[in-house]
Amino acid sequence: MTPAILFVCLGNICRSPLAEAALRAEAERAGLDVLVDSAGTSDWHVDCPPDARAIRQAQRHGIDISTYRGRQVSAADFHRFTHIFALDGENLKNLRRIRPADGTARLALLMDMVPGCEGRGVTDPYYGDEAGFAQTWDDVTRAARAIVAAFGTIRQ
Ligand code: 4NP
């Protein structure tokens with residue numbers, strides 16, 4: 001069964017699209033077959049492209065995310081995905097709230113995948129400057145590498 005991984009932040013225009021891009025890149029590099037997507041707990045940016053600063057950050061790493069579009073996470077995602085990773089604790093709390101009783105996806109905090117970073121959220125760069133997006137990229141890349149490395153053990 002092909003693993004299917006969903007990254008969830010608040011707006012789906014900053015952190016989770018970068019996490020999606022990072023995992024796509026790392027999985028491709030490793031030759032791993034995995035489905036990857038991202039969504040937001042809010043509906044504020046549905047159908048919107050990622051934040052221009054996120055697009056620029058991915059572009060610096062040779063990845064085009066300008067065609068990504070925002071969407072809101074739904075109950076169906078807990079059946080469609082094998083793993084759902086929240087970018088921070090607040091979003092994890094909201095995901096637990098909307099998780100259907102029969103949902104099959106494993107739900108976890110993204111940085112729990114990175115040794116030494118357990119329990120830590122990826123800081124929201126939306127109200128900050130360009131440097132915050134570089135920090136986001138570092139975080140999601142470390143997590144993406146950990147996901148790829150841990151694949152054998154997180155596979156259901
Ligand atoms: P994200 O960042 O959750 O990483 O996509 C945000 C994007 C938009 C807003 C907040 C956070 N907002 O308030 O619109």
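Backbone N, Cα and C define each Cβ position, glycine as well.
The Cβ of CYS9 (active site, nucleophile) has 30 other Cβ atoms within 10 Å, all protein chains considered. The active site, nucleophile annotation in TrEMBL covers CYS9.
If you look up TrEMBL, you'll see ARG15 marked as active site. Shown in sequence order, PHE7, CYS9, LEU87, VAL122, ASP124, PRO125, THR136, VAL140 are the residues of the chain, 6+ apart in sequence, with a C-beta less than 8 angstroms from the C-beta of ARG15 (active site).
Reduced to three states, the DSSP call for ASP124 (active site, proton donor) is coil. TrEMBL lists ASP124 with the feature active site, proton donor.
Annotation comment: TrEMBL describes 3-150 as domain 'Phosphotyrosine protein phosphatase I'.
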Local Cβ density at ASP124 (active site, proton donor) - other Cβ atoms counted within 10 Å: 18
Counts by DSSP class (helix H/G/I, strand E/B, coil) across the domain 'Phosphotyrosine protein phosphatase I' (3-150): 63 helix, 21 strand, 64 coil
